[in-house]
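Report on the following structure.
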Amino acid sequence: MARVIVDVMLKPEILDPQGQAIARALPRLGFSGVSDVRQGKRFEVELDGPADDAAIAEVRKMAETLLANTVIEDFVVRVEG
Amino acid sequence: MRVGVVTFPGTLDDQDAARALRLAGAEAVPLWHADHDLKGVDAVFLPGGFSYGDYLRCGAISRFAPLMTELIPAAQAGLPVLGTCNGFQILCEAHLLPGALVRNAGLHYVCRDQRIRVDNASTAWTTDFAEGQEITLPVKHGEGRYVADAETLAELEATGRVVFRYAGSNPNGSLNDIAGITNEAGNVVGLMPHPEHAVEELTGAPGVDGRGFFSSIVRKLVNA
């Protein structure tokens, strides 16, 4: 059993209005010193077996196929722990 | 002329789409997302809504529906396909059209009558319009901001594949005011506005400018 994390973020050149709204809200709530916020998605993928190279490659394929739209998003795959 | 209208779980506009096609003289053939069957239709309409609840990304799950595994190769082989709103999002997720549709720049869901300029009147779905003609259609979406990388945008512009552009004001922050695009062959067209809601004086809020889409495809199929 292993857990693999896939982080999906909008590409830097794609406007993130949700992140901007959060960044604008923070000073109103008394939080200072934040220059920017970008919002993304985190997927926790539980594997039946170990997170070996083959399994990581398979998760990478899942990310390319379904979890991320690589036209607008970048993703990073990592093993938790 | 038999035009398929696809229903996914969460599709909203399939009945209006079927009605618009019937008004134009076509037979509207219901197509079900879970079937591997295009029922021999001559063209396909992917209507709007919130297919699969818009889970993950709009159109991301629908793109893998059994029906889509039939529709994607058929569209690549030249079958005329029109996608409006969620249908446009599905066409982009399926890579039948380039780019993607993301959250409106203003974050608000926008529901209003929108002026649109027709920039390409030679696709399967737009021959009954004139290039430069302005029409009014309803828009209703929260994720309709068209984005693509600079290279793709330049290619779309250079090859006349921007079919519709928002006129007056841009409701969602779409790059280059893009409201709709087509593929290289001109048989696949996607747009955020809703022609199927503008085909009758009684209920078509802004008028009947949507009729041109359906008369265009009927004319094409009759002459085929």
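Cβ from N, Cα, C; glycine included.
What TrEMBL says about this one:
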ACT_SITE  B:Cys85  active site, nucleophile
ACT_SITE  B:His194  active site
ACT_SITE  B:Glu196  active site
Within its own chain, what residues at least 6 apart in sequence put their Cβ under 8 Å from the Cβ of B:Glu196 (active site), listed in sequence order?
B:Asp13, B:Asp16, B:Ala17, B:Arg19, B:Ala20, B:Phe45, B:Pro47, B:Thr84, B:Gly210
So what sits near B:Cys85 (active site, nucleophile) in its own chain, CB-to-CB under 8 Å and at least six residues off in sequence?
B:Asp13, B:Pro47, B:Gly48, B:Gly49, B:Lys140, B:His141, B:Gly144, B:Met192, B:Pro193, B:His194
